[in-house]
Amino acid sequence: MREKIAKSFLELFKKEPLISFAPGRINLIGEHTDYQEGFVFPAAVSQGIWVGICKNETTVSKIHSLDFEEDFAFDINDFSPKKGHWANYIMGMVSLLKQAGYPVKGFDIVFGGDIPVGSGLSSSAALSVAIGTAISAVFDFKISKKSIAIYAQKSEHLFEGLNCGIMDPYASAFGKENHALLLDCRSNSHEEIPLELGGYSLLLTNTNVKHKLADSAYNKRREACEKSVEILQNSFPGITTLRDLTPDDLAKVKELLPVELFPKAKHVIMEDHRVKEAGDCLKNSDLIAFGKLMWESHESLSKDYEVSCPELDFLVKSSKQKPYVLGSRMMGGGFGGCTISLLETSKKQELKDYLSTHYKNQFNIDPEFIEVTPSEGARILG
Ligand code: GAF
């Protein structure tokens, strides 16, 4: 991809670009907890987005997307979001960096990637982080990875209207080879945990569906959590998010919350607890216990948080038939995208064949299998 970007850049802009890369991410466990300042357990992967960039000494930035085979231009002193367009991820970062006082001027970009679209590996966060990394290098200013991650999150809020948490850009910025990041979304700091799986592997299965209204449902879940916190603050003074509650508080939480809010709050409180347990399991190489937490996470996301869909539920349920699968769950925001499964490496092909046949019979859609390796975070390639 790097060579492809450089070649295309030379053809279009007659220059050699500087190239940045930012990876997509997987998440081992900890879904819909980041925006309640909770815990998540992502890892960056080898798939990602490459950005070729050069200053152009004008105020107009010209962008070419290799994947969409599309051009876009905007004046860096006068632009606004364009609903649903990939250019929002670039304009959003430019807007926030300029607002923060960084010296951003006109530039040209060619970008492309190898993250399957709609798979839930967070190509949008990877694009934003790759853009932040590329712009800071080409205009020669220092900015921390954490700031790039925070701007990427804000850019998604302001330019795309998705009130996401910090997990995706953070993982893309801070990823580490062969490690997962046990991330505390209150302090925005993490512990790197070696991902040593012995004879086991992770496998993603893409449902190849993305149900409509996923974004509005996402924002609604976030609002439900905020509403719960508001109600609970009367009886639990000092709490600022659901992260401040523990499984021991659940009985009281149930008494206080309306029936429609309780299952949502319960998911977040229990999922936070599972992430911490999962961290211990990995440190102790207890993959069986880790897998059990993955099944529980899916059950909770599907039944209590209601962000799964029939396709994801089917894949998880089918995987559960196989004793060599230690755990499987939906990954990311939900309503489509991938499951992540932990299974015996020697049985990988067997599982792929089994799921392919059954999933196709059920939904008349071919699933797609994605191999992932925990990898380094965003960087300049030169
Ligand atoms: C999406 C969001 F972008 C993340 O912030 C996170 O909330 C995730 O869904 C669910 O865990 O990827």
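Placement of Cβ uses the backbone N, Cα and C atoms for every residue, glycine included.
A TrEMBL annotation is a machine prediction, not a hand-curated record.
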For the substrate site that TrEMBL gives as E31, H32, T33, D34, the extra residue out of Y218, Y324, Y354, Y359 is Y218
Per DSSP (helix/strand/coil reduction), D168 (active site, proton acceptor) sits in helix
Near ligand 1 by the Cβ criterion (under 6 Å), the recorded positions from E31, H32, S119, D168, Y218 are E31, H32, D168
Per DSSP (three-state), Y218 (substrate binding site) is helix
H32 (substrate binding site) and S124 (ATP binding site), compared by Cα position, are separated in whole Å by 17
If you measure between the CA atoms of R25 (site 'Transition state stabilizer') and D34 (substrate binding site) and round to the nearest Å, you get 14
